[in-house]
């Protein structure tokens, strides 16, 4: 900072406006990295004014783009988009291809932050085309990474994996180890979303190895965080906690407040899975404090949302609804349609648990309408499954089966094995209520097989428990006892106390 301040004084003294603007731009970037956004804006605006004064159109495009990045970091997405659009217009006017790519990529990121993934993909595809045209292989890899992440957010995980694999191939070809670590990390998360936790861990371990080799502490933290999440889904909670604690330690060492909050938040998820809801609530409240401090509205909403889930798991449904309503308000304020649908679905779940079935149906229907509007198949499936569960509670079994089968069809279409197992499991419950024990057993056996395949121990325990209940209803106490013992053995093994 001091060297740039000295340089700025010299350039002002000798009247070199071009270098004065360049110094202001560099100082702006330093302030941005220090999270001092007002000073970053001040310096970028001064740089922009000089570039306009001396007619440096390329520099003007860069300064406007830099202002957009600061506004995006401030989560002021409409203002960020306005600046990126200005930068794009200038770049196209003067045929500044690199500036055009930068603006397009940043527009994609801003729209992705707003939850408009289709628009984000459109901008990423444009940036990818230009990178290929100008032969920028590193830029091409970045565009492919962005496309992979956008498709992940749309729950199209196979397409996401395809893009991440393409970016990984380029990273390896050009010897970009940091890029390689990111691509492998992204692949890990895509496999995690597909419920292929072993492949997720394999990729995240590779990412961790590379990050440590090149001394990239941020990538190391991200990989440990990802491994913690994967171990949680495999039901290995001690390892999940161990990795997340390591991730948290690094975040605190490098003063990465966002990373610290993410690690604490994920520890909350582990304790939630362990059935230690009070500890989960403690972690979510810690993460909420940091997210509010750094102004991250999306993750603030996520923390409030998960507080609602933890209170729901404690059976405190009024408190759950209170938190979920707060998360719904924030998601609506920031225009996060996916978060809105998710909150509505879980408010529906809480009302169903309270026996307020009409309110439950109303919230699930709102969630379903949003999911269909934004073409989010994953949340559409969740809404349909929720409606199936409510109609089961109401004793309207034909409607319950209809909704659950619609949800199951989507789970199979998007290859979400975890949700597929959940839908099949819920169908088993409905068939048991109909006293169609043969069909109930058939569905519980199917859900058990999928849970075993994907390594979901909690799902296995639940399926085995329901098989025990069903065989007991049939009067086959020997089989019932056998399945009950298997279920209890898994519960003891993973330390699950729900």
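Please read every residue number as a count from 1 along the shown chain.
Keep in mind that glycine also has a Cβ here, set from the backbone N, Cα and C atoms.
Here's what TrEMBL has on this protein:
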- 21-54: repeat 'TPR' (REPEAT)
- 61-94: repeat 'TPR' (REPEAT)
- 101-134: repeat 'TPR' (REPEAT)
- 141-174: repeat 'TPR' (REPEAT)
- 181-214: repeat 'TPR' (REPEAT)
- 221-254: repeat 'TPR' (REPEAT)
- 261-294: repeat 'TPR' (REPEAT)
- 301-334: repeat 'TPR' (REPEAT)
- 341-374: repeat 'TPR' (REPEAT)
- 381-414: repeat 'TPR' (REPEAT)
- 421-454: repeat 'TPR' (REPEAT)
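For the repeat 'TPR' (261-294), same-chain residues at least 6 beyond its ends with a Cβ under 8 Å from one of its own Cβ atoms are 35, 221, 225, 228-229, 232, 235, 237, 240-241, 244-245, 247-248, 251, 300, 302-304, 306-307, 309-311, 313-314, 458, 495-498. Cβ atoms under 8 Å from those of the repeat 'TPR' (221-254) belong to residues 181, 185, 188-189, 192, 195, 197-198, 200-201, 204-205, 207-208, 211, 260, 262-264, 266-267, 269-270, 273-274, 455-458, 494-496 of the same chain, restricted to positions at least 6 beyond its ends.
Outside the repeat 'TPR' (381-414) by six or more residues, the chain places 155-157, 341-342, 344-345, 348-349, 352, 355, 357, 360-361, 364-365, 367-368, 371, 420, 422-424, 426-427, 429-430, 433-434 with a CB less than 8 A from a CB of the stretch.
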